[in-house]
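According to TrEMBL, the compositional bias 'Basic and acidic residues' annotation covers 535-546. What TrEMBL lists as domain 'Major facilitator superfamily (MFS) profile' is 88-514. Marked as region 'Disordered' by TrEMBL: 534-553. The transmembrane segment annotation in TrEMBL covers 20-44, 172-189, 195-217, 229-253, 259-277, 340-360, 372-394, 401-420, 426-449, 461-483, 489-509.
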Amino acid sequence: MRDYDEVTAFLGEWGPFQRLIFFLLSASIIPNGFNGMSVVFLAATPEHRCRVPDTANLSSAWRNHSIPLRLQDGREVPHSCRRYRLAAIANFSALGLEPGRDVDLEQLEQESCLDGWEFSQDIYLSTIVTEWSLVCEDDWKTPLTSSLFFLGVLFGSFVSGQLSDRFGRKNILFATMAVQTGFSFLQIFSINWEMFTVLFVIVGMGQISNYVVAFILGTEILGKSVRIIFSTLGVCTFFAVGYMLLPLFAYFIRDWRMLLLALTVPGVLCIPLWWFIPESPRWLISQRRFIEAENIIQKAAKMNNKAAPVVIFDPMELQELKLPSQQKVLILSLFRTRNIATITIMSLMLWMLTSVGYFALSLNAPNLHGDAYLNCFLSALIEVPAYITAWLLLQTLPRRYIIAGVLFLGGGVLLLIQLVPEDYNFLSIGLAMLGKFGITSAFSMLYVFTAELYPTLVRNMAVGVTSMASRVGSIIAPYFVYLGAYNRVLPYILMGSLTVLIGIITLFLPESFGVTLPETLEQMQKVKGFRLRKNTRDSTEKEENPKVLITSF
């Protein structure tokens, strides 16, 4: 009996058909890059202060001193949420008293912004924050907007695999593209924050589902060698390209509704891909639709200028159709013994805290000193060398050392930011980007490391459960950014400390590089770092470690 890869080996690994699938599926990931991070501009908070109505009978001196000052990052700035009581200062103005000379401003009674706010338009013409005044008493809604988007991502990651198994990879790929694009378009017509947020949750569901299904479709169509490149550099790099396009769009379109409209256009441009991207032949075979699968392979052979057999898929020959019965496993199997439970808990912490660092740094990029659009572009650009570095390191070096190493790098430089004088803004930005580089590299290695740690029986479940922990991390991450409103360096101190901590914990995990993949839970218990590696070095030369790589999205 032959498996699918043997049956289709005549196509070759990297012909015109594989190149077309590689680049079209990778291109379909581009909208995920800017939709996933669009909230950094859609929900940006410009500088603001209490509005003093033009009808208020105030002299120019009192109008200029109507807002109290507060200390922020060591300097005095106008208060964003308080003003002096308007009736009192209007009375002083009518009496001809001067602020500061005749009246002690520190003794004046203050009040909230009863007439709304004035928002600076130096950077943004409008955002959802300026549209619905999500500041002061309502500023908690801003991080909640991001968290609810990632809650949609969490739910979408649950259902996307099941839907694609039931209805087909191609159908769900384009259906989720339509959900992502269509509901992004509907957000333009939001009449309040609640409507915008509910639609944003659905966009998050479509966004991750599109990503996951494109990943599955690519790994099922492409051959073994190309599959590794696609699942590492292909998917990740094109996601980063989409992320880089976001600040470019936002720079030229400063109104949030028009920006959303522009971000839906690439999704519409993906419609013609329907006629070029085929259904997964593997999925068709699993549904016993052999004729359709053969037609796809025949077209691929013609495109690659290869001669195809008359009968490609013989149902009696395909090994994949006779799946061996597997022992039923439950999620509790990941906590079956003290050793396995310890590895699982450490893995959950590793995924969640690395995700917190990645998303918090990404969402906080526009808040750095300097140009918000340039900082966001640099945050996206740094991901490309991070993915390439991770891919190169995974080829030759022990997993736990390289993951811990890049986490120490990322966390260490983030902790240094608090020591940088405020005048050296470029140095703070450079350290933040270097921190993003380290954390992104670590994040992109976690799928490989986790897949190698667990036995075949629970490998998919382990990767699924730990990746769910990363979704929880992304839900928490916006609140790290929120802390920056109270202290500029506090988010970096927390992220740096947690990243260094999780780097230390990583060193206590078993080493998986060069070790035979465990097949049973009993074999997993024998994993004891380098001691096991020495005992099994000879047997591992024939073993091919799985190299499946998925980023946060």
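Placed from the backbone N, Cα and C atoms, the Cβ positions cover glycine too.
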* So which residues does the transmembrane segment (489-509) touch in its own chain, when a touch means Cβ under 8 Å and the partner is 6 or more beyond its ends? -> 343, 346-347, 349-350, 353-354, 356-357, 360-361, 364, 400-401, 403-405, 407-408, 410-415, 417-418, 432, 435, 438-439, 449, 453, 480-481, 483
* Structure fact -> Best-packed against the transmembrane segment (340-360), counting Cβ pairs under 8 Å over 229-253, 259-277, 461-483, is stretch 461-483
* Asked: How about the transmembrane segment (372-394) and the transmembrane segment (426-449): at least 3 CB pairs under 8 Å, pairs 6 or more apart in sequence, or not?
  -> yes
* If you count Cβ pairs under 8 Å, which stretch among 195-217, 229-253, 259-277, 426-449 touches the transmembrane segment (401-420) the most? -> 426-449
* Structure fact -> Counting only residues at least 6 beyond its ends, the same-chain positions whose CB falls under 8 A of a CB in the transmembrane segment (229-253) are 22, 25-27, 29-38, 40-41, 211, 214-215, 218-219, 222, 259, 262-263, 266, 362, 372-374, 376-377, 379-381, 383-384, 387-388, 390-391, 444, 547-551, 553
* Structure fact -> Long-range Cβ contacts under 8 Å made by the transmembrane segment (259-277), restricted to residues 6 or more beyond its ends, are 20-21, 24-25, 27-28, 30-31, 34-35, 38, 41-42, 170, 173-174, 177, 180-181, 184-185, 187-188, 217, 242, 245-246, 249-250, 253
